[in-house]
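Enquirer: As listed in TrEMBL for this protein:
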DOMAIN    7-61  domain 'HTH cro/C1-type'
TRANSMEM  82-101  transmembrane segment
TRANSMEM  107-126  transmembrane segment
TRANSMEM  138-156  transmembrane segment
TRANSMEM  176-197  transmembrane segment
């Protein structure tokens, strides 16, 4: 395909007539007709105008050379992968801190755990920015698994059903009941997040 054919192809893809293209470029219809028939070649100024109008490079218009895809520097790609791997690890560490703080009744430790989890989530999104790609599925899903653990636990603790049951059963039995109900609900949350993340990829 030569320049004349590429010009004609672009014009037709844009849905323009020769007259409309000529008007946009400030030339006569006959000039456009000669370009497309190969009788003459647009000057440099018009080549640039055509490339800007159709959103193509002058190299492609003149030589048919496609622009090389932009490559992310390998260093940034490697850094992004490291961040993807570090994100779930930091999220898990934050979760353990938060659970330990909750177990010991230390709001300071629990808050520290939540801050670590936020940092873990930030690593994932920084990794996406560096690589220009979606993070690996396993990293995203592990992050979701860590970040939903405490909210589900909190909701289950504060559920109306368990609150009502607390007045009718001994404390230890209530704890066992909470554990029995919590894990199925949490596993359902994990399963739903798994399929939603898979579907979006």
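Each residue, glycine too, has its Cβ placed from N, Cα and C.
Given the structure is predicted, the values throughout are model-derived calculations rather than measurements.
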Enquirer: Considering every residue in the domain 'HTH cro/C1-type' (7-61), what is the mean pLDDT value?
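Expert: 89, rounded to a whole number.
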Enquirer: Taking DSSP states H, G and I as helix and E and B as strand, how many residues of the domain 'HTH cro/C1-type' (7-61) are helix, strand and coil?
Expert: 40 helix, 0 strand, 15 coil
Enquirer: Are there residues at least 6 beyond the ends of the transmembrane segment (82-101) whose Cβ is under 8 Å from a Cβ of it, and what are they?
Expert: 107-121, 123-124, 126-127, 130, 135-136, 138-139, 142-143, 146-147, 149-150
